[in-house]
Amino acid sequence: MSQLNNVLLVWFLLLSVAHGTSAQLSRHHYAKICPNVENIVRDAVKKKFHETFVTVPATIRLFFHDCFVRGCDASVLVASTPNNKAEKDHPDNLSLAGDGFDTVIRAKAAVDAVPLCRNKVSCADILTMATRDVISLAGGPYYEVELGRYDGLKSRASDVNGKLPQPGFNLNQLNSLFAANGLTQTDMIALSGAHTVGFSHCNKFNNRIYNFKSHTKVDPTLNDLYASQLKSMCPRNVDPRIAIDMDPTTPRAFDNAYFKNLQKGMGLFTSDQVLFMDPRSKPAVEAFASNSKTFHANFVAAITKLGRVGIKNAQNGNIRSDCSII
């Protein structure tokens, strides 16, 4: 009996810890600390958005890459030092666009320019708010964000290994990586919809258009016309800095076109197209393609869950005065 009690106690403690981290977050966390914080961040993000649309995909991707490694703690913003190679310098993060970092830096400066708010708002929360704001500015859903994260105390490039989805992943690989962050297959498919505003470099998918297999040089799941368009935009020895829109139809709108494109064989990555090709994930793709409200509702639920991953508190985090320095 005592053994059963011990098991129950451990289970209760695990539940308490799991509940405690998300319970720390609240929609009104800054109501008394920095009451106008969301408007301050939104104004800074708007200015950046009007300078370049890249602000949108760059900021969303920064949030994803942050939360998937050590949780949503702004560790991806930290700069390397002579004694430490930080997350942002891992090969999987070198393609993160500078506009995402700049968005957070500007929003942080705007917040800290208000005396009441100075050094009271974490970089992790600013990144979370900025992500919501760019999605909304691009025509996506506006949603309430949970706040109260602390910034992480570590950022190591080695921690990135195996934590981020790769362009060649199949459904099992995608599901297991997202499940490790408490996200379901439906969450994963909804979050993949963020590729409706993303862009990619040719080397991430050129294996699909030039040397897929010995008997078929082009991936047969690719739409023929789309494949020839990709070849013209990405010739064999193309400049590696050339970037291609992931949504060839409405690249500047946060809409459900990504899923409609998958139905036509126009997913840029293997990991995109597999969502339609695999019978386990195809129904969700079709549901999101046929109804943008369904997509938006699932996306908001999934990104809210993602924002709870591995959050830090006052015991294992702090609030950085400079997002790039621990």
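Every residue, even glycine, has its Cβ placed from backbone N, Cα and C.
TrEMBL annotations:
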SIGNAL    1-23  signal peptide
DOMAIN    24-326  domain 'Plant heme peroxidase family profile'
DISULFID  C34-C117  disulfide bond
BINDING   D66, V69, G71, D73, S75, E87  Ca(2+) 1 binding site
DISULFID  C67-C72  disulfide bond
DISULFID  C123-C323  disulfide bond
BINDING   T196, D247, T250, D255  Ca(2+) 2 binding site
DISULFID  C202-C234  disulfide bond
Quick check: of the binding-site residues listed here (E87, T196, D247), which one has the Cα closest to that of C67 (disulfide bond)? E87
Would you pick out, from the recorded positions V69, C202, C234, the residue whose Cβ has the largest number of other Cβ atoms within 10 Å? V69
Among the binding-site residues D66, D73, E87, D247, D255, which residue has its Cβ surrounded by the fewest other Cβ atoms within 10 Å? D255
Taking Cα-Cα distance, which of the binding-site residues T196, D247, T250, D255 are within 10 Å of C123 (disulfide bond)? none
Given a separation of at least six residues and a C-beta threshold under 8 Å, show me what packs close to T250 (Ca(2+) 2 binding site) in the same chain. T196, A257
Compute the centroid of the Cβ atoms of D66, V69, G71, D73, S75, E87, then list the same-chain residues not in that set whose Cβ lies within 8 Å of it, in sequence order, for the Ca(2+) 1 site. H65, C67, F68, R70, C72, A74, V76, G152, S155, D159, G310
Residue from C34, C202, D247 whose C-alpha is spatially nearest that of S75 (Ca(2+) 1 binding site), among the recorded positions: C34
My understanding is the cutoff is Cβ-Cβ under 8 Å with a sequence separation of 6 or more in the same chain; which residues meet that for G71 (Ca(2+) 1 binding site)? G152, V309, G310, I311, K312
Residues near the Ca(2+) 2 site, T196, D247, T250, D255 excluded, by Cβ within 8 Å of the Cβ center? V197, T249, P251, R252, A253, F254, N256, A257, Y258, N261
Distance from C117 (disulfide bond) back to D66 (Ca(2+) 1 binding site), taken between C-alpha atoms, in Å: 24
